[in-house]
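S.K.: Reproduced below are the annotations present in Swiss-Prot:
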type: DOMAIN; residues: 10-244; note: domain 'ABC transporter'
type: BINDING; residues: Gly46, Pro47, Ser48, Gly49, Cys50, Gly51, Lys52, Thr53; note: ATP binding site
Amino acid sequence: MPDKPDRNAIEVVNVSKIFGSGEGQVAALDKVSVSIRENEFFTLLGPSGCGKTTLLRLIAGFDFPTAGEILLYGQDIAPLPPFKRPVNTVFQSYALFPHMTVADNIGFGLEMLGKPKAEIKARVAEMLKLVKMEALAGRRTAQISGGQQQRVALARALAPQPKVLLLDEPLSALDYKLRKEMQIELKRLQHETGITFIFVTHDQEEALTMSDRIAVMSSGKILQVGSPWDIYDKPAERFVADFIGETNFLTAAISGTGNGKTRATLKSGTTIEATVAEGFQPKDNATVVVRPEHAKLTKDKGDLSGTVENIVYFGTDTHIHVQLDSGEAFTVRQQNTRSAGCGFDRGDKVGILIGNDAAQVLRD
């Protein structure tokens, strides 16, 4: 698989989807445009009702856009029914046939396409090896675990060698440990097959773990597209910063913007250097975000000062919640060691040091 895909598998161009009529109209998608590259793992991420599943259904052909185009390698597929699109879908429910064996489930789609029996047998064997289920080929799907059923559903969807595989929150029914294992498995399958995966989820951890790029959606719009690092460390809008991980929001006076950076004077009077979000328009005041792990507590003077209000232990790290002298709230995430305690107590007066390149100015 190439490291840097050089062409688009899917292009969504100014797509809108309206449900209802008259005063009851609801815009599930509002002039959405996005390009998804060949061979990449692309995730549509957002809360319930943001439009991510609607967009996936339009790409699959289960519904049709009210306006706009959906291109597959340059061909407009928006008017085509699902069976005429080289696209397969894995659903949350898996939709396996319980009376069939694992092998028969995997080969079902190939049979419907009228493939020769010898080709089906060879392809099923290849898929069983890919998902590491050769030993369970003759077992009925009702007799295997949830994680194994997930692998069968993936193998069945991959068997016809679609150009694009759509995955509609397929891990949501699994327990935490199995879900983590399947995240690694999905990424492995995508890498080994080289097929473009489009994954829908509301789970930020899933998106950050598996994706080459992520599109964050809200209210029928795509707010930001970027790598997991871009989305987490360089959020463009408040919704993105707030939805992905834990974030501190600070009000600052802005000056000297240029070359993607600016000076932000916080309410404490301290001026720090911050990066600016793409599309930021220079203005007097703006919102600055700092991730909790990018700040450090000190018992001396810092860029900010305040009082420790609460300390929450999470095993791998501790979250220390501080009420700033400015009235704003701030959380510092401190990685734990085997020594007892985090070094601070409730009521302590503390300073907060903001690391270099730790602050980002939002565009909204």
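Glycine too: its Cβ is placed from the backbone N, Cα and C atoms.
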S.K.: Counting only other Cβ atoms and using a 10 Å cut-off, which of the binding-site residues Ser48, Thr53 scores lowest?
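M.R.: Counting other Cβ atoms within 10 Å of each of the binding-site residues Ser48, Thr53, the minimum falls on Ser48.
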S.K.: Determine, for the ATP site, the additional residues of the same chain whose CB lies within 8 Å of the mean position of the CB atoms of Gly46, Pro47, Ser48, Gly49, Cys50, Gly51, Lys52, Thr53; present them in sequence order.
M.R.: Thr54, His202, Met217, Ser218
S.K.: Let's check the environment of Cys50 (ATP binding site): how many other CB atoms sit within 10 Å of its CB?
M.R.: 24
S.K.: Should Ser48 (ATP binding site) be counted as helix, strand, or coil on the basis of DSSP?
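M.R.: Going by the DSSP assignment, Ser48 (ATP binding site) belongs to neither helix nor strand, so it counts as coil.
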S.K.: Show which residues of the chain containing Gly51 (ATP binding site), separated from it by at least 6 in sequence, have their CB under 8 Å from its CB.
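M.R.: Once residues fewer than 6 apart are set aside, Gly51 (ATP binding site) is near Lys17, Ala28, Leu29, Asp30, Val32, Met217, Ser219, Gly220, Lys221.
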S.K.: Using all protein chains in view, find how many other C-beta atoms are within 10 Å of the C-beta of Gly49 (ATP binding site).
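M.R.: Result for Gly49 (ATP binding site): 15 neighbouring Cβ atoms inside 10 Å.
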